[in-house]
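Notes follow once the structure below has been shown.
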Amino acid sequence: MSGTEDKSQTASGKTFPLSSNVEEASGSCGTKCSVCNHLYRDPRILPCLHTLCLECVRGLKQFSIPRAQREDDRGPGVSVDHCGPEAVILCPVCDCEVDLPVAGVEALTSNQLILNEVLLERIQRADSGLVCDLCNDGDAERRCDMCCVNLCDFCSKAHRRQRKTASHVTVALRDLKCGKGRISKPVLCPFHPAEELRLFCETCDRLVCRDCCMVEHRDHRCDFIANVINKHGDFIRELLKQTQPHVRQLQETLRDIGRAKLQVRERTKVIAEEIKTFTEYYIKALEAHQGRLLKELEELKIHKENSLHLQQIQLEQMFSDVKTGVDFTEHLLTSGSHVEILLTKHVVVKRLKQLHQISYSTRPGEDDAIRFEPQERAAQCNGLEVFGVIVTKAVDPNKCVLQGEGLHVGRQDRLTAFTLVCNDQSGQQMGRGGESVRVSIFNKSSKDRVVKPTVEDNHDGTYCITYTPQEPGPHTVWVHVKGQHVEGSPFNLTVKSKFRKHTGAFHCCTFCSSGGQKDVRCGCGGTMLGEQNRRIYFVRNSTTTCIYGAPFKRGTVPERLTVVESDPEPGGEGGGR
């Protein structure tokens, strides 16, 4: 399907027209200015790639924006070429804020393609009896591109015989009127008007003439256009290739939004009929209830349509911007000369980079999830108990709650759990499962250390999340429902160690820990020996082995010790050595 079609065909045969501003902004440049509606006069290219007459640009209202504010709007990574406030205008075609050059509107890039097309159209519109511009006598038959004059046959021959114009190329007017020829004016240097731009300065990334290379660009890397056009043309083509997929994707998304708007409208009509049928049996007592339900439904429809309409407007503008950039670049690469491509390279590359970085959702922001529940109890109406409510039952991440101690405290190598309760916009539990729930647990000390949780759907609007942390320390728990954080997410989680960390002093035995007291008893029941008996005894029970005996300083061992494996009486002698 062509990108210039004004309607999108669905599988059911229905069409969804694109807004007129999309077509106007994304259409080809043509030969008429969108402001004055006349043939272009000195056309200039705006940073959004729309073209206006120079005088029309001058007539637009300018306003200044501080540099700091512009940096915030541009986002990171976008440089500002000068300090102080910037002159900004609103493009009358796409309403996009565009920056004017520091030197003023005259510094905007000239659109040589449009100039050639305007000149060609003027020739094609002219009567067949054009007069020679040199002799004003004979009928014009040819045109000189270099001198921009119409020539009769005699003057054309004389034109080729003169030394200054012998190299000029003339084109037959009949070929131009039939669309077979192409008019191309030479692009002259703005600093040396007598010289044509034939070279490209790689250092400054701009077109230059021969005199420029000898003065301002003497030590720069300059080369002829024919030698560098392939490299720069391929660079622009690659940017174009990366940007083109957005056109198709935006078209498909806009069609989906059109279908969604129609489905919402049709669905609300169906629900309205159900409501009317139900209330007919109780019309006298339930008229107020009926009106209340219809009002609620209307507000719901307005909310959904407004949300979809806002998304549509944003995507239409995005589509318009991308389509304009793609159409302009395609036209430049297919119809522009090497000089024209390099002349507009700066503004085209900058715009294509901006368009390539755009982000958008490819799904409609609202759906037709609307139901009428006639058996569900509603609030009293005129003092009567009534039934019938409108249910959307769309989960609201901001209304979801998390329960359980496992959300904030966990134990190393131990299975821990907490519960997610999904609620709708009114705070009521969903009562059904199937929601898109994603839980991520990260170790704060290192984002690479991830705890993999398990999410179990209980099919009643609740979800059980279990996890087993491998390392102690602070963690972060991220809980997403339908791609959005729930209220309070991310949460702080503290994982405690498997064993309680010992914060005191480690002792070699009871004797050492008692400071050398000989009358203390160990927890195993052993007693200390006297100064004269320097033996170390082991007392074993089912769980521990206690070492006691020789009075030595903490952290040191005497040179001569007698080790007794067992002793029936503490302080006695015996046992093997």
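Glycine is no exception: its Cβ is also placed from the backbone N, Cα and C atoms.
Listed in TrEMBL for this protein:
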- 9-27: compositional bias 'Polar residues' (COMPBIAS)
- 33-95: domain 'RING-type' (DOMAIN)
- 127-173: domain 'B box-type' (DOMAIN)
- 184-221: domain 'B box-type' (DOMAIN)
- 1-27: region 'Disordered' (REGION)
- 392-495: repeat 'Filamin' (REPEAT)
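Mapped onto DSSP helix, strand and coil, the repeat 'Filamin' (392-495) counts 6 helix, 55 strand, 43 coil.
As a summary of secondary structure, the domain 'B box-type' (184-221) carries 5 helix, 8 strand, 25 coil according to DSSP. The average pLDDT for the domain 'RING-type' (33-95) in the predicted structure is 73.
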